[in-house]
């Protein structure tokens, strides 16, 4: 028996694969499409959601017996909003350029359906420890997909990873690496429709490996 | 009947040998086989999928051949090695030199298109465990005809792979796709590699290479191969006569330039009942309507000459049919029986909107002075909706009739 019981471990591992919030529940798609053109932005977004969802789930779980059910959505929104503002201010203070790239989407974490979904579905009915595990599990599942999509979009769209030119120098006249062979960046990868297609391909691969996930 | 019976006896002679499939294929390519069925239904139509596909390819061959000559002609013309051709049968155009360039540049496009596309079809057929479908035959021929001549082959390969997998196979293969696969491939190329799909350098073979040479410091003249649409979009008067536009001796994608040959292809498709004349006619009608509206706007003086839309708006309404890829799209793409409307009434709406929106996008899209690709893809998406309302309208009408009778 390690740190976590089997049941608790499942709270973390399930959202990574068979119950992934993006590819299985198809939540949080909007931000996944909007900010994944760069790997760095994807990672920061993943960390932000990790923070908001982990702490938010604990807070809601602690409050679950005192929140009147009629106004629970408002209470949840207040909690998320407070956490998101913290994230937003931290980003503005320490990573200004990045916060400009993420622009409105940090603020829109408030409306990210994954967060409200976990509050409603899990934190309101479970203790703080289990809620915390569920929160970070789902945030990790979300972040995993974001990072995969961000990886392919930045690699194929800009030829860089985290800003480093991994495929060579694309500037005309002084090309190196792949570009010297005539390779060119795929501009389509930087457009949002391609993010949708990449997510779709991940869903396709996942479901063809695990037939139980296929709905009728 | 001489050829047919000869082919039949040849087939009988080689039956069971290794060469049999070759003769079978040749025989069924040209004629319906004489064999009768031994069980099940005994009356069958001969125009199966294979025949449909072959007919379209036959209609495309003139465009392909013309495209090859035109590729060489535009190349030599831009280099200043030859003069302007003075008619459709001009020896300057139909020269051996032109054909060599055309073969050299166009055949690789055809080979890559078929090679990659069929490889993916075979792969999916093996994985899914069904027969290889003929669906790619036409797409594979359309693709090289709708891309610029200097498209790098690896780009074409990537685009074909994307178009066949995402445009067709994920929906379930031939006959199940929502979007026209050939246009999906072209749209992918356009959004992924815009510098290779637009501008004034890609339409004439050698212009891009010449640009690079200049950038490298060589003392040579730049080649400009602006399409008619391209120059109109910049308010320049195009330097081509109406006859040249009609014959197709203008820069453009490989097979789309010759409106005359496309018209012949259209007549052939309509005669063989492969292409829907309703879609073709309504598409043309839609384009003419939009052209007339724009001409009217110009005539009323509602738009100033300095406007960036003036050049294309001022284009004589029926010239829109001759320039760009409109004719090619209307005849070979819009009539795709899988992605178009299925109902006869629906076809009129479907075609009309394709034409209408084509010209609309053509005029108002500053970055991309051609609209037929996007218009057809858009209407592909709406075709099932159009059909739904046509069918529902019919149901309603008949229900009403029923009520009147029973009342």
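Even glycines carry a Cβ here, placed using N, Cα and C.
Because TrEMBL annotations are produced automatically, they should be read as predictions rather than curated entries.
The feature FMN phosphoryl threonine is assigned by TrEMBL to B:227. The transmembrane segment annotation in TrEMBL covers B:52-71, B:106-125, B:145-166, B:178-196, B:245-270, B:277-297, B:317-335, B:347-365, B:371-391.
Of the candidate ranges B:52-71, B:178-196, B:317-335, B:52-71 has the most C-beta pairs within less than 8 angstroms of the transmembrane segment (B:106-125). Cβ contacts within 10 Å of residue B:227 (FMN phosphoryl threonine), excluding its own Cβ and spanning all protein chains shown: 28. Between the transmembrane segment (B:371-391) and the stretches B:145-166, B:178-196, B:245-270, B:317-335, B:347-365, the greatest number of Cβ pairs separated by less than 8 Å involves B:347-365.
When each of the listed stretches B:52-71, B:178-196, B:245-270, B:277-297, B:317-335 is scored by C-beta pairs under 8 angstroms to the transmembrane segment (B:347-365), B:277-297 comes out highest.
In the three-state DSSP scheme, residue B:227 (FMN phosphoryl threonine) is classed as coil. Sequence-distant neighbours of the transmembrane segment (B:178-196) (same chain, 6+ residues past either end, Cβ-Cβ under 8 Å): 135-136, 138-139, 142-143, 146-148, 150-152, 155-156, 158-160, 162-164, 166-168, 171, 202, 333, 336, 339, 367-368, 373-374, 376-377, 380-381, 384. If you look at the transmembrane segment (B:145-166), the same-chain residues 6 or more away from its ends with a CB under 8 A from one of its CBs are 60, 63-64, 67, 71, 74, 105-106, 108-109, 112-113, 115-117, 120-121, 136, 139, 181-186, 188-189, 192-193, 196-197, 202-209, 253-256, 325, 328, 373.
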